[in-house]
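Features as listed in TrEMBL:
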{"type": "TRANSMEM", "residues": "24-45", "note": "transmembrane segment"}
{"type": "DOMAIN", "residues": "39-285", "note": "domain 'G-protein coupled receptors family 1 profile'"}
{"type": "TRANSMEM", "residues": "57-76", "note": "transmembrane segment"}
{"type": "TRANSMEM", "residues": "96-118", "note": "transmembrane segment"}
{"type": "TRANSMEM", "residues": "138-156", "note": "transmembrane segment"}
{"type": "TRANSMEM", "residues": "191-223", "note": "transmembrane segment"}
{"type": "TRANSMEM", "residues": "235-257", "note": "transmembrane segment"}
{"type": "TRANSMEM", "residues": "269-287", "note": "transmembrane segment"}
Amino acid sequence: MENASTVKEFILLGFSENQGAQKIFFVMFLFFYMVILAGNLLIVITVISSQHLNSPMYFFLCYLSFVDICYSSVTAPKMIADFLVENKTISFVGCIAQLFGVHFFGCTEIFILTVMAFDRYVAICRPLHYTTLMTRRVCGRMVIGSWVGGFLHSIVQTLLTTQLPFCGPKEIDHYFCDVHPLLQLACTNTYTVGIIVVANSGMITLSCFIILVMSYVVILVSLKSKTSEGRYKALSTCGSHITVVILFFGPCTFIYIRPSSNLSEDKSVAVFYTVITPMLNPLIYTLRNGEVKSAMRKLWSRRVESENGK
């Protein structure tokens, strides 16, 4: 991680310098983060503990919730702590580590969401071949592929950034270290690096988004031949996933598929995919899914019975 930088730390400007506003933000985002941890951890425990939630859909949902916990934990604790301090500094190494984590878990989530769309496509459009196509080994390889893809993407973004010289200024108009804010602080022409960064992020986001759209177009077309009950069940399972995809892909596409021009605007949009979506994912999947709610009730009742039996 050696480069020509003389800057050893950066200052994160965050959302506001107003002390009153920062206290409100502290309470609000602390609550959001606690909901993220509790909701996603509950889904992970429920899927692992329940014998009925053993289908590929819940296998992927378990990993999605785990990634959401990791993803939000890269940025949220630092952001929450910064609301209580005057000097919102982060070391150069810490900044690069945060950059790596954001892109690693963010890209992994994109791949897992894409894999989940493929799973729904096979389940609805090729139901007779579902058990032979979506075996546990195949699902495991898809998840491993998602992690490897996220790692490779993050390595590219991180290496491109660490090769740049930083000699001041060192104020980042954001609440976490990301590629675009750091490119604007580099003491060299970053046009070429910026193009590569946008191409890298854009290629992944666009290709996955196209796969998602194609999957759901085919699904919607195939529903015409099904009964009204079959259509309702299919749309119910797909509806949650489509909602999450819109909430996550919309802001991500806005930020990473174009050169950044307004960092104040970018950091407001970034809240959606780093905090809001990971918080809403458990609610979206549980409120629309009777099997998950039933499994959670059984898990809770077993815990109550075990405590009463002591």
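Quick reminder: no glycine exception, Cβ is built from N, Cα and C everywhere.
No curator has checked TrEMBL annotations; they are predicted automatically.
Keep in mind that what you see is a predicted model, and the values were worked out from it rather than measured.
Remark: the transmembrane segment (235-257) makes no contact with the transmembrane segment (138-156), by the rule of 3 or more CB pairs under 8 A. Taking Cβ pairs closer than 8 Å, the transmembrane segment (96-118) reaches residues 1, 57, 60-61, 63-64, 67-68, 70-71, 74-75, 78, 90, 142-143, 145-147, 149-151, 153-155, 157-158, 161-162, 176-179, 182, 204-205, 208, 211-212, 215-216, 241, 244-245, 248-249, 252, 273-274 in its own chain, all 6 or more past its ends. Of the recorded ranges 24-45, 191-223, 269-287, the transmembrane segment (57-76) has the largest number of C-beta contacts under 8 angstroms with 24-45.
Remote same-chain residues near the transmembrane segment (269-287) are listed as 29, 32-33, 35-36, 39-40, 42-43, 61, 64-65, 68-69, 71-72, 75-76, 102, 106, 174-176, 178, 240, 243-244, 247-248, 250-252, 254-255, 293, 296 (criterion: CB distance under 8 Å, separation of at least six residues from the stretch ends).
Per-residue pLDDT, averaged across the domain 'G-protein coupled receptors family 1 profile' (39-285), gives 87.
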